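The next block holds one structure in the form of structure tokens; read it before the comments.
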Amino acid sequence: MNLLEQLRQMTVVVADTGDILAIQKFTPRDATTNPSLITAAAQMKEYQSIVDETLRQAKADLGSGATSREIVSLAVDRLAVAFGLKILQIIPGRVSTEVDARLSYDTAATVQKARELISQYEAAGVGRDRVLIKIAATWEGIRAAEILEKEGIHCNLTLLFGFHQAVACAEAGVTLISPFVGRILDWYKKKTGRAEYPGPEDPGVISVTKIYNYYKKFGYPTEVMGASFRNIGEIIELAGCDLLTISPALLQELQNTTGELKRKLDPAIAATLDIEKVAMDEATFRKMHAADEMASEKLEEGIKGFTKALETLEDLLRRHLARIEGEATLTHAAEELFHVYDLDGDGIITREEWLGTDAVFDALDANHDGKVTPEDMGAGLGVVLHLAQAK
């Protein structure tokens, strides 16, 4: 039995990807997306239709006076939901959809954006139990999650690097947290100059283990989903964690690796540990956060990274929109041109009706039957014409 099969027996495996084909391959229970993953998927040929249709619909719904910025802003949210809906057709569990990282320090705006995303899922017939709203684990983000959870909107608190963040999330009644294992390791390697950390000594592994044991010791229902892995050694050390979100490359490596996988995290063992409970309020949170150099740096870095990823997606969609609008302009011009030459309105331009040069007519008359149809003109100009037929 390979390691992936064994891991599934003790941990919920989540696919960290927006690539629908990869999700179909590894059949995870849950999946998570973010702007970086959606940007990557949006540039893959097989997903172009989703992107283009989302932009067209956003443009149509906002009306002719809408700016490209307004269209793209609406399309970003709709695209996240569109990919989420596609993913939910494949997986049996939940999909995580991210709130704009630029709202990470604005509780009210985060709540509003989350409600908008959930309303889009519900309009598509998907219940709240199948969606997690992903929010950065700032104090403001945690407060937003507390409000949303009371409304039945489940949250995934991400960019979690410090123990204080985990405690605050648990006390807020958050559904799930995503501590970033690999990014913690990255920070310590850079800080210490140490090239390698064996699995049990990996600072990210140690952090998640501490959080998991604390939650299980005190009976918090908040789920722990380890994220951002650098190697399968980290995954092996966290076998038994509630959930692990893993990239397709590492899923493939686990699938290709055999050997015994021992459970490392166990609620029964956690219950026997001598752990002191921490009282958490805003002052304590901010004091602990300021004292935790790694968590402070990585949270800010993560928010900036998520913001940059979102801006990259917006730029990509603006380019897509410009292409679509260019095609629409060309199509409109071609339709006008056809109507100018179709003098009797029968949907066919004969050589007698054609007022241009013979060379152009001959180029458009691909089958040389002496007639130019809308299809002929569309093919000649690189567009598709859908003309109303004359009565």
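Even glycines carry a Cβ here, placed using N, Cα and C.
Look at Swiss-Prot and you will find LYS134 tagged as active site, schiff-base intermediate with substrate, backed by sequence analysis. Residues annotated as domain 'EF-hand 1' in Swiss-Prot: 329-364. Summarising the annotation, Swiss-Prot assigns Ca(2+) 1 binding site to ASP342, ASP344, ASP346, GLU353. The Ca(2+) 2 binding site feature in Swiss-Prot is assigned to ASP365, ASN367, ASP369, LYS371, ASP376; the stated evidence is sequence analysis. Marked as domain 'EF-hand 2' by Swiss-Prot: 365-387.
The candidate set comprises the recorded positions LYS134, LYS371. Of these, LYS134 has the most other Cβ atoms within 10 Å. Taking the mean position of the Cβ atoms of ASP365, ASN367, ASP369, LYS371, ASP376 as the Ca(2+) 2 site, the remaining residues of that chain whose Cβ falls within 8 Å of it are LEU364, ALA366, HIS368, GLY370, VAL372, THR373. Taking the C-alpha positions, the distance from LYS371 (Ca(2+) 2 binding site) to ASP342 (Ca(2+) 1 binding site) comes to 11 Å. The distance from the Cα of ASP344 (Ca(2+) 1 binding site) to the Cα of ASP376 (Ca(2+) 2 binding site) comes to 18 Å. Of all the recorded positions in the list LYS134, ASP342, ASP346, the shortest Cα-Cα distance to ASP365 (Ca(2+) 2 binding site) is found for ASP342. Cα to Cα, the residue listed as 'active site, schiff-base intermediate with substrate' and ASP342 (Ca(2+) 1 binding site) are separated by 56 Å. Most Cβ neighbours within 10 Å among the binding-site residues ASP344, ASP376: this distinction goes to ASP376.
Taking Cβ-Cβ distances under 8 Å and a sequence separation of 6 or more, the neighbours of ASN367 (Ca(2+) 2 binding site) in its chain are ASP376. Look at LYS371 (Ca(2+) 2 binding site): DSSP puts it in a strand.
Following the DSSP three-state reduction, the secondary structure of ASP376 (Ca(2+) 2 binding site) is helix.
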